[in-house]
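Annotation comment: TrEMBL describes 1-37, 658-686 as region 'Disordered'. For 94-113, 156-178, 190-210, 250-268, 280-297, 303-323, 1034-1057, 1063-1088, the entry in TrEMBL reads transmembrane segment. Look at TrEMBL and you will find 350-486, 778-918 tagged as domain 'RCK N-terminal'.
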Amino acid sequence: MAGAKLTPSPSEIDPDVKTEVQKTPEPTWVNPSNPLRTMGSFGSDAGQRYQEEYSMDSTNAQVQVEFYVNENTFKERLKLFFIKNQRSSLRIRLFNFSLKILTCALYILRVSLDNPDDFNPNPCAFCRNNTCMNATNSDKINWELIFCVNRRDPVWAIQVSVALISFLETMLITYLSYKGNIWEQIFQISFILEMINTVPFIITIFWPPLRNIFVPVFLNCWLAKGALENMINDFHRAIQRTHSAMFNQVFILICTLLCLVFTGACGIQHLERAGKHLTLFDSFYFCIVTFSTVGYGDVTPQIWPSQLLVVILICVALVVLPLQFEELAYLWMESQKLGGNYSRHRAQTEKHVVLCVSSLKIDLLMDFLNEFYAHPRLQDYYVVILCPTEIDIQVRRILQIPLWSQRVIYLQGSALKDQDLMRAKMDDAEACFILSSRNEVDRTAADHQTILRAWAAKDFAPNCPLYVQILKPENKFHVKFADHVVCEEEFKYAMLALNCVCPATSTLVTLLVHTSRGQEGQMSPEQWQRTYGRCSGNEVYHIRLCDSKFFGEYDGKSFTYASFHAHKKYGVCLIGVKREDNKSILLNPGPRHIMAAADTCYYINITKEENSAFIFKQEEKDNKGLPVTGLYDAPSRLPVHSIIASMVDQATSYGTVAIDLQNPDPPEESSKLTLPTENGAGSRRPSIAPVLEIADSSAILPCDLLSDQSEDETNQSDEEGSVGSDFVKGYPPNSPYIGSSPTLCHLLPQKAPFCCLRLDKGCTHNSFEDAKAYGFKNKLIIVSAETAGNGLYNFIVPLRAYYRPRKELNPIVLLLDYPPDNHFLEAICCFPMVYFMAGTIDNLDNLLQCGIIYADNLVVVDKESTMSAEEDYMADAKTIVNVQTMFRLFPSLSIITELTHPSNMRFMQFRAKDCYSLALSKLEKIERDKGSNLAFMFRLPFAAGRVFSISMLDTLLYQSFVKDYMIAIIRLLLGLDTTPGSGYLCAMKITEEDLWIRTYGRLFQKLCSSSAEIPIGIYRTESHMFSTSEASSVWIKASYLSGSLAVILASASWSLFILPDSYFILSSCPGLCFFVFCLLCSFPPFILPYSLFSLN
């Protein structure tokens, strides 16, 4: 066949390759028996070659082809060994440096053995032909002593040997470095010095009379300096260290100074042999005094040659040293800008975290430092900041404070460069925080930079935990590999949405994610400010049930029973639990969840249980017949840390949780407002059912997720019952971005056409052109945003969640500067009563058309185009003025505003002559001077939940370094994630008909026993007696003994209705009301398809 290859006969095989052919039946392109690279004769990689075998069609013989044969020559091998190879050339330079140091040492030895007064009268040939001057005459110079020295034979022999070796090495290097121009190499200073210090010694071998001729061997110090510099460079190149410019420059400067001093000392000592006969130490002392510009004058050169040498040395020093110092100063300034390096030794012995940012502002830095170092176990950590921009003046000033200068290191560099990551020792870091620049006009581009930084950090240090902040939700799935991710727009929109149905949710969450010791406002004269500041120290903690004293006794009890009795006995609020075999956290799983010893409990308290002291005082007071009083009877008695007392249940004690088992039915007048008198006399308070240890299936009826029981019970013929009767429950079919969590929502049976979503324009389906024409039964929620980003989807989902009653769904109007695209409309067209229109809040016609008169809440979202301004903190100017205008035009409207800078919230609802606001401003300044990171908490708009800044949630990511569960809990609380069996946040309105409950502890018991709800806060509004303004505030759950409030939102009013004991009275002013935050349980646990959870 044509393509076949015949096997050659044995006679046709070349005898030279016969053995090779027999070993290899088939031709191989690369011979595996031969190494790809072979070592040369000098131990380097000389002579390396590739060998390949090709099949020749004509003779079918194999021919071995060698590559890199040019490296097989003797010269190339020498060049590779002496110059090219890093390690071998480093050894050669080290040997050369040792020779130069040896020559200098031999010169010092020769000087110490030489005595000019005992000079041998047998001069050298050069001196024999010259007339010697009288050495005793001080005006004459004995030139014989300058040109001739007394060199002993052993010293001469060693010097000749060293000179011969140096000469041969120099000639060899010159030959190997020859590039066509011999004169360029001959006139090099190093070559000239080599010839001066070696050739005379070689000549003395053949001409013995010249053995005592003077040779300036001390000049070899400059050759040693050059060899040492080259050796250091080769060493850095061998270890791949490229960031050593500062070290090299300092080293060169020190070597230059040493060489100048050594040259001057040796030269002056030798020249003074013909004069005053100075010793080598005297010459060294004179050089040090001269170069330091002191000049004592006790030791001076006497003859003009040595004086001329001093002048030359000073001139050289004046030229060389300033250049060296200038280069050193330049490198120092550059290193200060770059921040230097984080020591590898420190990285291996100390703990540090890396903070990667695009640009570092003072607010961002202080928020991070205050929150990070608020935890006791992080006090010994170092913070390494890696930022590509030059350090800001304000940031530099802050980092010079001793509190931070010892713990914070600023490095200028890029996270995309492995060299800069190596400078920050990312591979040894405990964590890496990567923050986005939210003030950028193009937030998508900012996210792209964050994604690349996260990828680079993961590639360089795969074992380093990553804490990533992303801006837009559609970019979140790119950094899914990170250990913790906080998407800014997801949290922002979900929190703003809950603010509309659960007032001050943003304030509640902000205080929970900030670490505080509860010392804010303790010097205030007002009770509500002291309690408000004290309770702001509450946080979320976790502990295993078997290790807990709070919850250990409730093993085998229901979750609701454990939550109520732990709050009653210890003043802590159990909000969630996690099974050992389940990674999901469940918020208020309900009474059907039985606590197990391996469960992890999540609770709210002033401090964690490990830092709490248990003081058992109650029984002693009961035995002595003393009245029962709480540890918090007076504000001054409340400690900063929790002091938890074990209480004994007494149903008859005043102020305790009343549990009347004999008369469970409420009295007939329970619907009326009947408050007991101070001494407890009067009508009997209605009793509340006890909280059972194990859930009773008949007590709490399971709810059907796909139906609304509250509406089924109502009369369908009623007008209100018809609202939402055609809604269905299901999962939104279209998600605007990858990675959104599926949530069961109220949906339309069929998707609405895009034209019907436009509020201000009619279509073929309806002719309505404003909100009034629609005739909505419920109040509107208007959202003013610049564009319809994907994050806006998370504003709609919580307001259309399945647990919202259908008849209470509020219509949502999106007031957008730019019309949304079809992609966004496709995602929201399945939700009921969601509309949009193009317009802005500074246009009154647009506001009226979108129905601001019929609205209950107006949410003003911060615009991306205004987040950056030439002057700091001016980005919110337009938003503040527009909101102030609406506040004046529509005073009854609840306006929720997002600001870029938290410090600008003092301008919200601004009243120049409001004395109370001015007093709060002074309180804020006092708290800021004390170093509090929650100084803004006393501002009334923030306390009321009317203003919010997303930068307040930056601490959520920082706090996750210590509490890795915080992001999951906040997402569940805001409805961003849905876990089977987990509860949800809602607000319950308390009216005068409910005031028979009287205390917060009784309210806690009633909610737990009736509907298994866990209250976590109260929002109350009252009027000022001396001001027309209204105020609200948030108090995170205090560590009261029992029956106390968990989270209180009360106003700075003239009366707070708080008795001097530890029980908060549920009372309200006429016409005003307050809300209770509750965690409702969801049961039975619904199971979602696995594919829906795969994106999270």
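Glycine is no exception: its Cβ is also placed from the backbone N, Cα and C atoms.
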Exercise. When DSSP states are grouped into helix, strand and coil, how many residues of the domain 'RCK N-terminal' (350-486) land in each?
Worked result: 59 helix, 28 strand, 50 coil
For this session: For the domain 'RCK N-terminal' (778-918), give the DSSP counts of helix residues, strand residues and coil residues.
Result: 55 helix, 29 strand, 57 coil
Problem set entry | Contact set, same chain, for the transmembrane segment (156-178): CB under 8 Å, 6 or more residues outside the stretch | 75, 78-79, 82-83, 96, 99-100, 102-103, 106, 110, 185, 191, 194, 197-199, 201-202, 204-205, 211, 215, 217
Exercise. Between 0 and 100, where does the mean pLDDT of the domain 'RCK N-terminal' (778-918) sit?
Worked result: 88
